[in-house]
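Asks: TrEMBL lists Glu28, Glu61, His64, Glu137 with the feature Fe cation 1 binding site. The feature Fe cation 3 binding site is assigned by TrEMBL to Glu60. The Fe cation 2 binding site annotation in TrEMBL covers Glu61, Glu104, Glu137, His140. Sequence annotations record features per position, and here TrEMBL assigns domain 'Ferritin-like diiron' to 11-155.
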Amino acid sequence: MIAPPGIQNPGTVNLRVLGYLGRALSHELSAVQQYLTHAGLAELWGMEEIASYFRQEANEEQEHAQRLIARLIEFGAIPNASQLIPVRAGLSLIELLQANRLLEQRAIELYREAAHYCALIDAPDDQALFAALHDEELDHVRQLDAWLQQLRLPPTGIMGR
């Protein structure tokens, strides 16, 4: 069978790469769900700027999902994110940030493993996709770490020298 234009022949698709793409899609859509939930909580707590930040993060994660869906379609696969990770909420901003850091860290590990595998099998397009997502998630973790550090610092001033 000949694949339509722009779609790879299904016989040439590495099933493990498809598995990584599927897991990554589930992860990214889980992140969208978590960030939107956290935006709702922040809004409920009267933290409009923080709610806006979480909504922006959800948009970035959705953009990641769109890139993964595009790659799955190129392989002739139907995207199916069937294993969403349960949302981790919290009772404070610090708890929300810690939950988001954990979610981002899991993505980093997944993308590191997937990029490494793609390098081993000489799949440069997939390696580049996973490496780019890895780097973007790493940036998210750095931002979260900086924010958490800032929230945990004691106040400075005359009494806080």
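In case you wondered, yes, glycine gets a Cβ from its N, Cα and C as well.
I'm curious about the neighbourhood of these features; can you describe it?
Replies: Listed in sequence order, the residues of the same chain lying 6 or more apart from Glu61 (Fe cation 1 binding site) and placing their CB within less than 8 Å of its CB are Glu28, Leu29, Ala31, Val32, Tyr35. Look at Glu61 (Fe cation 1 binding site): DSSP puts it in a helix.
The Cβ of Glu60 (Fe cation 3 binding site) has Glu136, His140 as same-chain neighbours under 8 Å, each 6 or more residues away in sequence.
A simple way to gauge crowding: the CB of Glu137 (Fe cation 1 binding site) has 26 other CB atoms within 10 angstroms, across all the protein chains here.
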Asks: Counting Cβ atoms within 10 Å of each candidate's own Cβ, which of the binding-site residues His64, His140 comes out highest?
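Replies: The residue with the densest Cβ neighbourhood is His64.
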Asks: Between Glu104 (Fe cation 2 binding site) and Glu137 (Fe cation 1 binding site), how many Å separate their Cα atoms?
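Replies: The Cα atom of Glu104 (Fe cation 2 binding site) is 6 Å away from the Cα atom of Glu137 (Fe cation 1 binding site).
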Asks: DSSP-wise, what's the residue breakdown of the domain 'Ferritin-like diiron' (11-155) into helix, strand and coil?
Replies: 116 helix, 0 strand, 29 coil
Asks: Which chain neighbours of the Fe cation 2 site, leaving out Glu61, Glu104, Glu137, His140, have a Cβ atom within 8 Å of the mean position of the site's Cβ atoms?
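Replies: Nearby residues not in the site list: Ala31, Glu57, Glu60, His64, Asn100, Leu103, Ala107, Ile108, Glu136, Asp139, Val141.
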